[in-house]
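Peer 1: Below are the structure tokens for one structure; questions will follow.
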Amino acid sequence: MEGALIARDRVGIQDFVLLDAHNSETAFLDNLKKRFTEDLIYTYIGTLLISVNPYKELDIYTKKQMDLYMGVNFFELPPHIYALADNVYHTMLSEANNNFILISGESGAGKTEASKKILQYYAVSCPSSTLLDTVRDRMLMSNPVLEAFGNAKTMKNDNSSRFGKYMDIQFDCQGDAVGGHILSYLLEKSRVVHQNHGERNFHIFYQLVEGGEEDLLRHLGLEKDTKRYSYLVQGECSNVSSINDKNDWKTVKNALSVIDFDANDIEHLFGIIASVLHLGNVHFDGDTKGYATLNTNAALRWVSKLLGIHVQVLHEALTFRKIEAKSEEVLSPFTVDHAIYARDALAKAIYGRAFTWLVNRINESLENKDSGRKTVIGLLDIYGFEVFSVNSFEQFCINYCNEKLQQLFIQLTLKAEQEEYEAEGIGWEPVQFFNNKIICDLVEEKHRGIISVLDEECMRPGDATDLTFLDKLEEKMGNHPHFVTYKLADKKTRKSLERGDFRLLHYAGEVTYCVVGFIDKNNDLLYKNIKDVSALGVATQFKNSLLRLTEILTAKEAWYVRCLKSNDNKQPGKFDEVLVRHQVKYLGLMEHLRVRRAGFAYRRRYEVFLKRYKALCPATWPHWKGVPSDGVEKLVQHLGYQPDEYKMGKTKIFIRYARTLFATEDAFEICKHELATRIQAKYKGYRAKGEFRKQKEAATKIETCWRGVQARKERDRRAWAVKIIKQFIKGYITRREAKTTDNSEYLAFVRQSYLNRLKDNLPKTVLDKTTWLTPPPVMTETSEILRQLHTRMMVRKYVRGITPQKKAQLQQKVVTSGIFKGKKDSYPSSIAVPFVDTRISASLSNLGDSVMILHVALNDPKQKGDMILQCDHLFEALTKLAMIANKQNNIKVVQGSIKFEIQAGKEGGVDFSVGQEPMIYKGKNGHLMVVSDYFHIFA
């Protein structure tokens, strides 16, 4: 709690005990609203938890959140239902006593969800084993089953519990959940046969019809249509957007199997549920005398089949009653109204007994038969105070229950406060509060209370009606300050009362009850031929069970969860102050706060207080060596606490005013930042030194290890070297002998060495006959084979690389060799010089002469140049020359003059012309003049 005090201006006070204006209802509501606006739905009054329904999903129920609250001091973290559950659990373990959590609030405030969250927390936080997991699974799965059979949609809540539930969770001495037991109270059986507009019957009916498998429905005689059943259509809202009956059916079926219901149990259970639906479809007509007759037997036959009762017996039970006449039983026919009453009474009785059987079967599955000592945590999820526009018998019983619980609540709270003060040696100051015993007595007092009067009226001879019951109440309670009727009221009050109403002034405010139906609902009887009349009415039975519950709770340590609705429209984020104020009043929250604030607003164990605030005093920081109480005394004196602001108990400090604690917390907040800076600096230095020390130690270890590794490697390397050298020496000595163990490795080395050297020194050409490495004796034969292979490989490689042109040249070289080898001295020097296709080109004129010029490429300046030839067979000679050289493009036909080289660097020219007769001569310009006659041109 203290951790959030610094945010109190923004998110409010998270414990109302610390609210300065603790007597102000307005301040109380403002604080609730401030927290609700920030999605903080939980607030404490001491150890009491207030929960405001946000009507939206909040991310505060994860496994991570559960882990956060496990084993943590109750006030250390923000208020949460997990904090309460964890504190109850650890209190039970440490003190080995029984505890209970009372969850209350009106319909739709979130009581059932709060109960689920507590169960889920225990399922996760308690120790785990196969057996324990089974117990926990059954506890968790009992919720959807009981919700299906005991919850319904009402005007205020789509999943309203229509019964009270008390569950004991049993723990062994190790804190393991080992069993459980459930008690149910005042199931609203009237809902089976009647629902107000906008409301539904119990969930299980719709789940069965909408979600049941075809085979099952056929076996039960049901159809997949809720509108076909009279007991399901009265509220005219069979389908609800927030409810998925098909999915819920699957959940219930799975839960029943987890709880260990076998197939026969499940078939029997759903057969009973189906029989109620069929019973609702049994209709009556009136004969000429007004007596009831059955107009169809189809529905009745299904009831007979499913319940195993003969159809004739059912027929008589619903249309006749047995009366005694002259010591004999005679069947007297029912009117239609009486028959409908009998049918509905039978339906309610069947469903009520089925519900009781279901609770008992669940208890059997949760029962722990170990005789060892066990402690329990009880969860009481009970109806909250109800005020409707028309309040009937059910609201009377529910509000009486809340009166008793409020009485118990105040008694236990006062008792706990007084015991704590006395245990700590602090003087107890009497607390003024409203004692509602006067209202409880008005309802339950023997022979005088409302319940006693109701029972008397139900059992007396004659025609007892609701109005005669009201007359008796006016007669016996006419002067009671908390009771008023139309007859007893003054003129002003009568305007708000009907003649059939009575009004009670409860602790939470006035409630007006309509007496119509009180007699019938209190009887809750079938006619005598179906069931014997009980001596006790429903209200008396409920009173007795409530007294037994009170005894159970009184023997346990009490914890409380008060659930509030934020608005009536289930609208997220809306805070209806008028509605919340009303709930705060009837839940007695202001009364509880006044009790808690009657003396001291805050109390903590010395160790906890000193641990948090020791930094505020030099004498207690950083460590207090003495007794914690002495350290706290030093601390508060240093802070300047006045004597009237605190008291020192035996184990706790008590602080009277919230403002004193706030001042201490604010001082701590300032000090915390200063401390954080100093601690951070020291911590950084500590971390740096520690890191340096660790790095140095690590470096030394690494260096030592590395040296060891290197030394071992060197040792191994030398041992290997010695071994190899010895082997080589032996091998060298015996190298010329046959292969043995001694020389095999040496010879292998020699071979490998030779091959490696040979690989790097292979001849590059076929003609290289001299560079092949000389082999050692052991490789002589192998070397020769390798040389031949290498030669063949080079030859093959060379041959594959020859082009057609190169091949033609080689063929020419072969011919040349045949002609000149051994005959011409200069022939050898020509071998390496490649032949070219042709070294000449030819030019001739376009005229009729027979002159051609052969152009030769000159490589030597001393060589003679081009050649001028006159040939009578000019065309034949040039054609053959071109074909031999395959160079037709090297012959050029030129017009005019042709230049030629006499020798390298010296040019000459031939000029061609036409004349009377052909001639060749040297011209004045030094050119050779060639004249063609006209005959050759025009021939």
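The backbone N, Cα and C atoms fix where each Cβ goes, glycine too.
Curation plays no part in TrEMBL annotations; they are all automatic predictions.
Okay, these came from TrEMBL:
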DOMAIN    12-669  domain 'Myosin motor'
BINDING   Gly105, Glu106, Ser107, Gly108, Ala109, Gly110, Lys111, Thr112  ATP binding site
REGION    546-568  region 'Actin-binding'
DOMAIN    751-934  domain 'TH1'
Peer 1: Kindly report the helix/strand/coil residue split of the region 'Actin-binding' (546-568) according to DSSP, in that order.
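Peer 2: Residue counts in helix, strand and coil order: 9 helix, 9 strand, 5 coil.
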Peer 1: Over the span of the domain 'Myosin motor' (12-669), how high is the average pLDDT in this prediction?
Peer 2: 87
Peer 1: For the binding-site residues Ser107, Thr112, which one has the sparsest Cβ surroundings, going by other Cβ atoms within 10 Å?
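Peer 2: Lowest Cβ count within 10 Å among the binding-site residues (Ser107, Thr112) is Ser107.
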Peer 1: If you take the centroid of the Cβ atoms of Gly105, Glu106, Ser107, Gly108, Ala109, Gly110, Lys111, Thr112, the listed ATP site, which other residues of that chain have their Cβ within 8 Å of it?
Peer 2: Asn53, Asn157, Ser160, Gly384, Cys563, Lys565
Peer 1: What's the number of neighbouring CB atoms sitting within 10 A of the CB on Ala109 (ATP binding site)?
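Peer 2: 24, counting other Cβ atoms within 10 Å of Ala109 (ATP binding site).
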